[in-house]
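Colleague: Heads up, here are the entries from Swiss-Prot:
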- Ser2: N-acetylserine (MOD_RES)
- Lys48: N6-acetyllysine (MOD_RES)
- Thr55: phosphothreonine (MOD_RES)
- 183-193: motif 'Nuclear localization signal' (MOTIF)
Amino acid sequence: MSIFISPSNNTGWGLRAPSKMYGGAXQRSTQHPVRVRGHFRAPWGALKGRVRSRTTVDDVIDQVVADARNYTPAAAPVSTVDAVIDSVVSDARRYARAKSRRRRIARRHRSTTAMRAARALLRRARRTGRRAMLRAARRAASGASAGRTRRRAATAAATAISSMSRPRRGNVYWVRDXATGVRVPVRTRPPRT
């Protein structure tokens, strides 16, 4: 004859697993209470869960959360004196940077004595070229009845001078003049000897 014992924690009938008696504890205590019912269980055929209607408290909480999410801190009032000082300092720094950059560029492209001599020669040529052009123009204006050859020579001289004064791209070769012994800048490449 078998004896049926009903345990108090509703795990089933009999003493199949004594360890399951009080939720794993050997004996019931305040530190390890037995959980009888965990959650609300609706009867079969009822709705899946309780539908709770929204309350005013829910709306207030939602509004507070939305405000916190969209919060942007107000900009601190900017002092006009500070702004003026900052702008003056930044302008001074920019000016100093530009000045040092100009100095660096000037140092990088410092001209040699040969380059300075070439520039002086070109300046002199331009000056004399302008004078010659003016002279040729005066001659052409005064001697309108002058011969065709003179007019042609004047225009040729004027074009040569203008082409000489116009800055041209290309190489400049320094050649020693046989008569004077001075180095002269020339555009055409000297023959190799």
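Glycine is no exception: its Cβ is also placed from the backbone N, Cα and C atoms.
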Colleague: Inside 10 Å of the Cβ of Thr55 (phosphothreonine), count up the other Cβ atoms and send me the figure.
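Modeller: I count 9 other Cβ atoms within 10 Å of it.
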Colleague: For the motif 'Nuclear localization signal' (183-193), what's the model's average pLDDT?
Modeller: 80
